[in-house]
Amino acid sequence: MERDNQTWVSEFILLGLTSDWDTQVSLFVLFLAMYLLTVLGNSLIVLLIRLDSRLHTPMYFFLINLSLVDVSYATSIVPQLLVHFLAEHKGIPFLSCAAQLFFSLGLGGIEFVLLAVMAYDRYVAVCDPLRYSVIMHGGLCTRLAITSWLSGSINSLLHTAITFQLPMCTNRYIDHISCEILAVVRLACVDTSSNEVTIMVSSIILLMTPFLLVLLSYVHIISTILKIQSTEGRRKAFHTCASHLTVVALCYGTTIFTYIQPHSSPSVLQEKLISLFYATVMPMLNPMIYSLRNKEVKGAWQKLLGQFSGLTSKLATG
């Protein structure tokens, strides 16, 4: 179609990771297995929290939201990636590309804010435990969760609208695994410096602000833990934050490295690998981190498996 004497493409071609057929088949099997583990692991976490009343606390309410974000983020990228591994034509329609950018960027932003909210929850639990239930009441938890979802979605909607108003001319080859914002902006046949400034400002607001809040929370948490007299008390206090701190380090570290400085960003291959890590590895690891490093979750698993084993034994004997 024609607009202002410039050609606008109706379809993009994703170049992906490799053009070698055997490698693509191997990657298809690998990432399909990882995606299924992601969906299974996060779904089981949500189910477990819903079934065990001992896990009906603010921390696990936010963990449910994190699991939903992880599954949704992986689903916004991985199925398309799997199809392209086996397809000869690796095209993605204009509107589908815009939708993929909106959902992946939005869900990524939601996760950053959600991790900051979870850090605040851990701050209250460690630094003001006697008033924890009063401060982190149901109404506040719901408002914080809604704020996380709205902030990421609004930011993504603005970026998507701005990015796909750019004239792409005849450029339709996206050198990436998905419709990632910087990869799409590079296709424009006009000056994109204003877009890059917008990305920078948005990164500072939606990435660095929550990150600084996380750091501030953990400064207070560590300060409080160090004041605890007993070694056992310090160990238990730190253990309540260990899972969240691990996820924060992986999530923020990866994304800051990718987005915070567009002009001095890593190579295209590095960007692909970083995005792949965030889309496939992180959502798969989160349920494992919270299961393996959390006594309450492990206890709930043991209880659920015990009930399931008892039920199957009764059915077998009956």
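Just so you know, glycine gets a Cβ as well, placed from its N, Cα and C.
Just so you know, TrEMBL annotations are computer predictions that nobody has curated.
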Per TrEMBL, which of 142-165, 238-261 is transmembrane segment?
238-261
Find the member of 25-49, 61-87, 99-120, 273-292 that has more C-beta pairs under 8 Å to the transmembrane segment (204-226) than any other listed stretch.
99-120
